[in-house]
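Trainee: So TrEMBL says this about it:
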BINDING   317-321, 359-366, 478-480  FAD binding site
COILED    58-85  coiled coil
COMPBIAS  150-162  compositional bias 'Polar residues'
DOMAIN    8-140  domain 'Photolyase/cryptochrome alpha/beta'
REGION    149-189  region 'Disordered'
Amino acid sequence: MPSSGQGPRVLYWFRTDLRLHDSPALAKALSLSPSALFPIFNWDPNYIYGHRVGINRFRFLLESLQDLSNEIKKLNGDSQLLLTRGAPQTRIRELCEKWQITHVAFEEDHNAYARHRDAAVVESLKAANIEVISQEGRHLYPIKEVLKNTKGQPPTSMSQLQKAVASLGDVAQPAETPTSLPSPCPPGSDKADIKKLFDLISDLSSYKEEVGTPDVDLNAAELGGQRKSGPDGEVTSYDTVAAGEKSKYKEEKSPFAVPTLASLGMEEPEVKLAEPIRGGTTEALRRLKKLTEDPAYLSTFAKPQTSPSTDPDAPSTTLLSPYIKFGCLGIRHYWHTVKETKKKHKGAKTDVPEGMEGQLLFRDMYAVCEAAVGDAFHGVRGNKISHYMDWYLPTVYDKDGKQVEPRPRGDDVSEERLRTFKEGQTGFPWIDALMRQLRMTGWIHHLGRHSVAAYLTRAQCWISWERGAEIFHEFLIDTDDASNDGNWMWLSASAFFSQYFRVYGLTTFPAKYDKHGYIVRKYCPELKDFPDKYIYAPHTAPKEVQEKAKCIIGKDYPFPVLDEKEEKKHCLDRCKAAYDSKLFGNSKEVLEGKAEGMLRKKHGVPDPKNFNYKENAANKIRARTGRRRRLLFPTPSTP
């Protein structure tokens, strides 16, 4: 331990707060007047193997980490982000012992895995007599204080949240941005020495030496993840404790280097239809500054009125959500910047919930609900706020109640519908364009998310919202556990929203915003030459139109995988039965495995069947022709 008279040696653990501005936890750490500050980010294998994460989000995170390291260097040329690799439950304490740390500080994270991770780390540190400083900073209001005001109950509406935060006053002012940072000095020295710090931990075992490769890698190509297949998909970022000369890739040869996509067994796609959304605080603040140049836009912003037929290159919304997700942009800084900018606008202003502030409050609402419900918030089983629906492809649990990963295969028809949904091959151009945009860019517009979520769950496919949430968790850059799962519950009418009969038309809804089909033509290029009349329903185009567009439906682009109207009726019948039954995820019948059979008997809707569009269309024509013939030549009545 440091000799008496020295100031504290503080390890600051960055997680989802990749910034120096507006950081209450960092401000608290610096208020201790530390003699040395060790800014670390620990590359957690649970995130790499145990969470579905796509290329776009990994790239955004890596860029954000490099930007943070650059920002640290600007304040102290002898410092940088110290990126270590391994399970934080053991690695953090090992670093503390090697570097003789007296205090560990971090911003609190209430998401499911983070709560368990932090509890284990804190227990380990306290056992070593290391002081722990944790501070709320991810949300507008302290989640624990809001939860006290709700008496531990989840606020499932904006009005309930507003009532809960009313006594807490206005959102706190942003924490001050530091103008300097102490150096990360090795024990017994008052000067920074990055190489010495690296040498002090060089005898620690790497995660690969300790554990090897986990049995289940949710990002493996074999499980549908975005790692490359074969040897090229090998994860090498855990070959070392903190990069250095033993690293495979030259970009990681320096101590504590940020990993590369290659070290994750991934690579950037060759085809890019939109500019990547770049990570980091520098880019976040640039985007925010640009928004402040248009007070009218910020003042009159109403999310439901923005267009879903947009690209990340020119979005109709702010596109700041990825920066909030990773903490590149301080939430209080954003809130107060918006408020001050709106004062410059003399006209009418949009209020909560549709306005800019309302979107941030929704994020708090979901976070408080997650804290109130606990781990069960992230699925149906045991979730007290989620209506139980007899979804196909639900999450599967073993006899001890543990989730089975990878999920056992369900019925063939639903699995095929899920596959075509994920790959953008449903035969419905609006859905396919959005899902391809999601996979390629890591982003789709708010109302686009509404469309695809409703399609997969309560409108057409009747597939569990848990599967949709997994896909969004994998591909969205801005995915947040609480907000993502909360939104899927909302859009599937499982919680927060009960008007299940309000369904988005697969052709009528997008045509309201863009009759020309901009994103369809961009992300489904095989359809780019169809006339506007058929762009959202090319399967209805005459053969000569298809030939002229050089796209034959059923050959160059798929027929629809289901009958939109028929499946809508089936889904509405199922929803009504579920609502009438008043079963929730924690109902006895659900936990005992009886609820599915009860509901299917109640609504009587048959299991999904393979759909042949051409055969279905022919049957409808025959049925219509038969009805006309009966009307023209009625059968004589019997005497």
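Using N, Cα and C of the backbone, Cβ positions are placed for all residues, glycine too.
Whatever TrEMBL says is automated annotation, not expert-curated.
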Trainee: Taking helix as H, G and I and strand as E and B in DSSP, count the residues of the compositional bias 'Polar residues' (150-162) in helix, strand and coil.
Mentor: 5 helix, 0 strand, 8 coil
Trainee: Based on DSSP, name the secondary structure state of L360 (FAD binding site): helix, strand or coil.
Mentor: helix
Trainee: Which has the fewest other CB atoms in a 10 Å radius around its CB: F362, Y366, the listed binding-site residues?
Mentor: F362
Trainee: With helix taken as DSSP H, G or I, strand as E or B and everything else coil, how many residues of the region 'Disordered' (149-189) land in each class?
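Mentor: Split into helix, strand and coil, the region 'Disordered' (149-189) gives 12 helix, 0 strand, 29 coil.
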Trainee: Restricting to the coiled coil (58-85), report the mean pLDDT as a whole number.
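Mentor: When the pLDDT values over the coiled coil (58-85) are averaged, the result is 98.
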Trainee: Quick check on the binding-site residues: of T317, T479, whose CB has the lowest count of neighbouring CB atoms inside 10 Å?
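Mentor: Comparing Cβ neighbours within 10 Å for the binding-site residues T317, T479, T317 has the fewest.
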Trainee: Measure the Cβ-based neighbour count of D364 (FAD binding site), defined as the other Cβ atoms within 10 Å of its Cβ.
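Mentor: Cβ-Cβ neighbours of D364 (FAD binding site) within 10 Å number 24.
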Trainee: Using Cβ-Cβ distances, find the residues under 8 Å from S321 (FAD binding site) that belong to the same chain and are at least 6 apart in sequence, listing them in sequence order.
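Mentor: Non-local contacts for S321 (FAD binding site): D478.
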Trainee: Please spell out the DSSP helix, strand and coil residue counts for the domain 'Photolyase/cryptochrome alpha/beta' (8-140).
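Mentor: The counts are 61 helix, 28 strand, 44 coil.
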